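Swiss-Prot lists 21-228 with the feature domain 'MARVEL'. What Swiss-Prot records for Tyr81, Tyr279, Tyr296 is phosphotyrosine. Summarising the annotation, Swiss-Prot assigns phosphothreonine to Thr227. The region 'Disordered' annotation in Swiss-Prot covers 239-314. Annotated topological domain 'Cytoplasmic' per Swiss-Prot: 1-25, 132-138, 225-314, in sequence order. Annotation source Swiss-Prot lists topological domain 'Vesicular' at 50-107, 163-200, citing sequence analysis. The transmembrane segment annotation in Swiss-Prot covers 26-49, 108-131, 139-162, 201-224 and is backed by sequence analysis.
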Amino acid sequence: MLLLADMDVVNQLVAGGQFRVVKEPLGFVKVLQWVFAIFAFATCGSYTGELRLSVECANKTESALNIEVEFEYPFRLHQVYFDAPSCVKGGTTKIFLVGDYSSSAEFFVTVAVFAFLYSMGALATYIFLQNKYRENNKGPMMDFLATAVFAFMWLVSSSAWAKGLSDVKMATDPENIIKEMPMCRQTGNTCKELRDPVTSGLNTSVVFGFLNLVLWVGNLWFVFKETGWAAPFMRAPPGAPEKQPAPGDAYGDAGYGQGPGGYGPQDSYGPQGGYQPDYGQPASGGGGGYGPQGDYGQQGYGQQGAPTSFSNQM
């Protein structure tokens, strides 16, 4: 019964989750951050390396032809030692490696682990607590600040670990170790390197560190848009103002029926001359025209209601 109740709770959470956010840039980048953080701390924190060298003494019976030296994370190399023949009366000497590079390595792994945990928590919040996340806009603002902090921490930790890795390679190079071995400086003794440590996994961890830096810096923009702070910068440009008619244009100050320049009625051919009949007045001179004594009627066209001569004949 308890198992069934737990399954019901899980089903309710899954049903109420907004998994579409994983397809959006905000959620998809969080998934990438989560995965890349795992690769970053796994490739560094689980590393174990080994180098091999040989010491051939003048007295062949005292030689050690296959000396194996193992080291691992967190690279406190000053605590790593191996026994090498002193080439004097069958004795041995403890040889310690040089350097302590645990600070940069542990800092890098710590940032990766916390980034992994934060990405997982933020992704769960996006899916199951979307309303709480957007309530009062506090969720996006806190998310933005945390993303900015992690981006800075990835920059610092990746740079520090890249320098630390370079020092680890120098300290575990068999040639450099041989230079510090007193028996190898004695005449008649021969020291050789047999195998360099494989550091490809550590190189990969540095690459993942800077990839995480790119992801977290890029995600700043998507989280910034969720805060609403970008709204004033994303407004549409204002529309162009309407063009006002210039004074004197058509339908403007001198509009229809408002004198010269408009479209009001004017005398035929203008006031300067030309043929200008007035259909409402008698024709001058008593002769022709369209007045009362014309051929087509007894009165001009200006007098409405008067029958024409044609209508009288009808």
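Here the Cβ of each residue, glycine as well, is placed from N, Cα and C on the backbone.
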Test of understanding: give the count of other CB atoms lying within 10 angstroms of the CB of Thr227 (phosphothreonine).
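For Thr227 (phosphothreonine), the 10 Å Cβ neighbour count is 17.
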Do you know offhand how many angstrom separate the residue listed as 'phosphothreonine' and Tyr81 (phosphotyrosine) by C-alpha?
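With distance taken Cα to Cα, Tyr81 (phosphotyrosine) is 54 Å from the residue listed as 'phosphothreonine'.
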Same chain, outside the transmembrane segment (139-162) by at least 6, Cβ under 8 Å from its Cβ: which residues?
44, 103-105, 107-108, 110-112, 114-115, 118, 122, 125, 132-133, 205-206, 209-210, 212-213, 216-217, 219-220, 223-224, 226-228
Just jot down the residues in the same chain as Tyr81 (phosphotyrosine), at least 6 apart in sequence, with C-beta under 8 A of its C-beta; none if empty.
Lys94, Ile95, Phe96, Leu97
Mind tallying the topological domain 'Cytoplasmic' (132-138) by DSSP state, helix then strand then coil?
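Final tally across the stretch: 7 helix, 0 strand, 0 coil.
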Would you kindly list the residues that approach the topological domain 'Vesicular' (163-200) from elsewhere in its chain, counting only those six or more residues past its ends and only Cβ-Cβ distances under 8 Å?
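Hits for the topological domain 'Vesicular' (163-200): 49-58, 66, 69, 71, 75, 77, 84-88, 93, 95, 97-99, 101, 103-105, 108, 206.
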Quick test of the contact rule: Cβ under 8 Å, at least six residues beyond the ends. What residues does that give for the topological domain 'Cytoplasmic' (132-138)?
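Cβ under 8 Å, 6 or more out: 125-126, 226-228.
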In the predicted model, what is the mean pLDDT computed over the topological domain 'Vesicular' (50-107)?
93
